[in-house]
Amino acid sequence: TRPTFMKAKEMRAMKRNKDAMSWVKSIQGRSKDERKGSLEAKLGNQRRVSAVDVEKKLEITPVAKEMLEQSDTLDFNIFDFKDETEEREIFTLSSYLLQKHGLFESLKIDPEVYFRFIKRIQDYYNPKWIEYHNKTHGADVCQTSYFFLKGCNFLTIGKVTDLELAGILISASCHDFEHPGVNNFYLTESRSEWAIEYNDKSPLENH
């Protein structure tokens, strides 16, 4: 689409607005890098404030907090955690771990955007009648991955970066999103929509 430009009439009206012109002159008097830096600083402050409030927004109960403090051990019980968080296990666990390691700040992730994303992932995991490949399994894989990373010291041994850590935690949480509860053989033999779409080549993984 072609850019739209301010019409002459609008420009004249703007020139009569002293506050508007003062703002324009202040912007014009700064370099592109200065303007960019100012915006990033403003956004950075907003993110820092948001990151501090993450736990509060997650509505973590004292019992759930005690459980989360064991998330880098094999003592963590995902089923008890599911009950304590009222079946918000993926949302609570992944958000807490990202906040714990300062990933919202270091990767400039807006917590509110992440909350909406991970809640949608949690909500669209298939329903309870799928006994294994459900949201509890997604949260369990996220916690188990974190156990190996933190509990077994692979964060240090492997010199895992913030981006890599976030990628592992998020992908572990999402890895069976929309899983139908059957394997690839079943999908191809039953001529499912996924099998047709992906030409019988690993429909689960390609989806």
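Here, residue 1 is simply the first one shown, and the rest follow in order.
Yeah, the Cβs are placed from backbone N, Cα and C, and that goes for glycine too.
Any TrEMBL annotation is an automated prediction that lacks curation.
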Looking at the Zn(2+) 1 binding annotation from TrEMBL, with H175, D176 already listed, which candidate in H101, H137 is the matching residue? H137
Taking the recorded Zn(2+) 1 site as H137, H175, D176, identify the other residues of that chain whose CB atom sits within 8 Å of the mean position of the site's CB atoms, giving them in sequence order. Y125, H133, N134, G138, V141, A172, C174, F177, H179
I need the CA-to-CA distance for H133 (active site, proton donor) versus D176 (Zn(2+) 1 binding site), whole Å please. 6
One residue among the recorded positions H133, H137, H175 has the fewest other C-beta atoms within 10 A of its C-beta, namely H175
